[in-house]
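*Asks:* Got a structure here, written out as structure tokens. Questions coming.
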Amino acid sequence: FPLDSNEKKVVMQCEARGNPPPAYRWDIFFTSDYRYNFIDGNLIITNASEITDYGKYQCKADNIFGTVLSRDALLQFAYLRAFSGKTRGGVSVREGQGVVLMCTPPPHSPEIIYSWVFNEFPSFVAEDSRRFISQDTGNLYISKVQPSDVGSYICLVKNTVTNARVLSPPTPLTLKTDGVMGEYEPKIEVHFPTSVLAAKGVTVRLECFALGNPVPTITWRKINGNIPKKARLRKSQAVLEIPNIQLDDSGTYECKAENSRGGTAFKGHLQVYTSPQWVRMINDTQMDSGEKLQWECKATGRPRPTYRWLRDGSPLTSQGHVEIVNGDLTIHKVQQTDSGMYQCVAENKYGAIYSGAELKILASAPVFVPNPIRVIATLGKDVSLECKPRASPKPRITWKRGDRRIQPNKRYGGSSEARADEGNYVCRAENQFGSAEMTAILWVKEAMRVELSPVRVEVTVGESVVLSCKATHDTSLDVAFQWSFNQKPINFQQDGGHFEYIQTVRARVRAKVRQSKCIIFYAAAPLLTHAGKYGCRAQTSADSVFAEAGLLVRGPPGPPGVVIVEEITDTTATLSWTRGLDNHSPISTYNLQARSPFSLGWQTVKTDPDPVTGDMESAIAVELNPWVEYEFRVVASNAIGTGDPSAPSRGVRTKEAVPSVAPANVSGGNGRRHELVISWEPVSEEFQNGEGFGYIVAFRANGTRGWKEKMVTSADSTTYKYRDETFPPLTPFEVKVGVYNNKGDGPFSEVVVIHSAEGEPREAPSDVKAHSISSSEIRVIWKPPNPGPGRPGGYEVSYWKDTEQEESGTKQRTAKNETSMVLTRLEGNSLYLITVKGFNSIGLGPASAAVTAKTRKAREYSSDVNHVTLYMEQVQRHNQVTRTINPSTMLSLPEGGTYIIEVRALSEGGEGAVSSQVRVVTSSAAVVVIQGSAGLFLLITYLHQFTPWLPNKQ
């Protein structure tokens, strides 16, 4: 409980089950203390104090049946005091020397976490191979001091429960000026204890850190064993952390510190303990007085737990008829006074567990329920009349029929006609608390006979089966039927897809006491799993008769056994397998299937011999591809069908061979001038037949004899380029592409004719012209170069202002082979230089001579408070336009705010380019459309924005 908690209340809960509900008591000496309150089973301590309230608490619960004790609860208090305000002395060491800075934490409870601040908060000391903070001692260890370590060190501790933090006074660290410390061997300054006790399941941290120069390296090992795989090394190996520790993690662990000057080691033993865990608990028990009680109570733990017993919360010892041996309790001849609540306590030094049970001693006179009872027996069979009264202790039992007493376990009467046994039988039960009688009425009926047919049935999978179960029985009794499959009842609702039954009734008057009932069992489309024994049980209140029939289901074969690859070549695999179940129909053939990374699932392979008959258990798969990894399986067939496949074999790779498949779709073209580009479809890995696969590209100019051959070593290559400055563009070549691998050369493809590249455009476009069409647009037109090799596939227009360098210019390409382009978004009243180049898939051709064009002058505007005058350039005349409007107009604007104005020209040919926006601030707002003559319009569009104030001169 945190001492600094605002709640100031400790609540401990105690809850027990019982009927009537139990009352609660707590073992507290200060019951008159006003700070203690009890609500139901809860104990509430107000203003809890560590001095008066620390310790163990236990709760008792009791009702009329007895008392039980709770486990112990330990109340502890969490706190963290402040460090002493006393100034700490400084520490002075030589450079290279090791140092330990002491934390000396203040009083606290429970555990705390240590960290160190360097100079000022929140600059924390970073731990590494040279610096280590022990969470056991709280001290800061520096194995080799450096000049950068000089400063002020503050120990910060944090309570793990309250999260409270306190800082120590600073400890100054300085360097001595009388020299540098030389190298020296490691000295382990902090280590885990020589004996470590840890609870099973917790995480164990073993610390080991050494001072030394050079900085020591820490290593760990477990003597006579291996460090657990789950273990982790933390903080530059200074901490060995073992999570979820188990008993087999116990042992001796060693840490070793080494540097170039030497080494030292430390060993300690880790022992894992466990608190008690139940193996066998006691259960509620009811007994008759005079019987013997034996309760066994057993638990595991390390160290081994001891046992003690409680009765109604008080210790129980061996005394009189009570005997206690370890965890066993024996009470000889129990008495009513032995009733109560018992608890077995298993405990060791690390904990205690409780197991409780109620012992109830019964004491009552005999009582029969029900009374009388009626028993129906079958003619010719034995019958038992039971006498089981409720009584404690056990009563003495006697039987009689009429006035005659019957000896137990002997047949009454000697008549050969068993129907004479019908009648009333009286059982008398008596003990010290009283007596009672029960009457048993016995009726004797005719025996039942059952006939199940047919007794054996053979069918094929999918065929239907009908079994008939006929019962002949006494007419006064009802009969019920139950069907079973392999001695397990059939659920006709769950198995309705395959099983159903039909019931018929036929009465027979002969003998007056018999009739027959027939159950027809129908199995629709049975499966192989439906083969087995089917039973029909007919049952009356007097008798039960069982008959059984066998069903054999023929079907496709089961899967063959394990498939083994006996021998492998480049194109064959010898396979063997074991026979599977034939399912009552002989296996006729086997089908061999293979799967590779290149196949679409499993594929049937050709075999030798062909076919593979059902008496064989080996065959050869043929016509496989070399150097391909295969899996194989076998499928069996019989006259009924094909069965399930075997499990796949292990994967095997066929041996290497010379390639047998040539590249397909050899073609080419394009490329740069003087280049011959040859392309093909790569050969799939499935047909490469071995390692070191590549291509042989062979070519020759038409009309020549010798072939030039080039090796392409990449199996994934699809292109080869050959360059020769001596042959002209579009020279025809005969080309073929072959294959090879480490085994040798394979076939070539068919010879095809491929032309060398025509190259990039050779000539620049001619007759380039450019003229301005607005203040932001220039139209450029040109003529294509003369026909010939290097035909352009399009054109690239470059343009830049006369004040700029060509390299900083903008480039724009035509969509197709167009010979004009409009350059847009240009600056007004600016001179531009323009060139045009042709291009194709090979590259760019030469540029045309630069031409110039100047964009038109941009418009201006002036305004006063209520009027705006717009100036715009006259729209260029087109042939279809006969009139234009004036190049300026005046807008009368109401007062209102800020305006954005755009101007564009419209003609019968459509809408022209939009002007840049003009922003005007005034005290009014309006929309104006100016209409000119002959269908030419100026659209003045503006956006009104409210402006709450206006400049003086606007």
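Even glycines carry a Cβ here, placed using N, Cα and C.
Feature list, courtesy of TrEMBL:
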- 1-76: domain 'Ig-like' (DOMAIN)
- 93-168: domain 'Ig-like' (DOMAIN)
- 186-271: domain 'Ig-like' (DOMAIN)
- 276-360: domain 'Ig-like' (DOMAIN)
- 366-439: domain 'Ig-like' (DOMAIN)
- 448-546: domain 'Ig-like' (DOMAIN)
- 559-657: domain 'Fibronectin type-III' (DOMAIN)
- 644-668: region 'Disordered' (REGION)
- 662-759: domain 'Fibronectin type-III' (DOMAIN)
- 764-858: domain 'Fibronectin type-III' (DOMAIN)
*Asks:* Please indicate, using numbers and ranges, the residues of the same chain that are 6 or more beyond the region 'Disordered' (644-668) and have a C-beta under 8 Å from a C-beta there.
*Replies:* 556, 558-565, 568-573, 575, 577, 580, 593, 595, 602, 624-635, 676-683, 687-691, 693, 695, 735-750, 752, 754-755
*Asks:* How many helix, strand and coil residues does the domain 'Ig-like' (93-168) contain under DSSP?
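*Replies:* Across the domain 'Ig-like' (93-168), the residues distribute as 3 helix, 34 strand, 39 coil.
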*Asks:* For the domain 'Ig-like' (186-271), what does DSSP give as the number of helix, strand and coil residues?
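*Replies:* Breakdown, helix to coil: 3 helix, 53 strand, 30 coil.
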*Asks:* Can you count helix, strand and coil residues in the domain 'Fibronectin type-III' (662-759) using DSSP?
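*Replies:* With helix first, then strand, then coil, the domain 'Fibronectin type-III' (662-759) has 3 helix, 49 strand, 46 coil.
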*Asks:* In the domain 'Ig-like' (1-76), how many residues does DSSP call helix, how many strand, and how many coil?
*Replies:* 4 helix, 33 strand, 39 coil
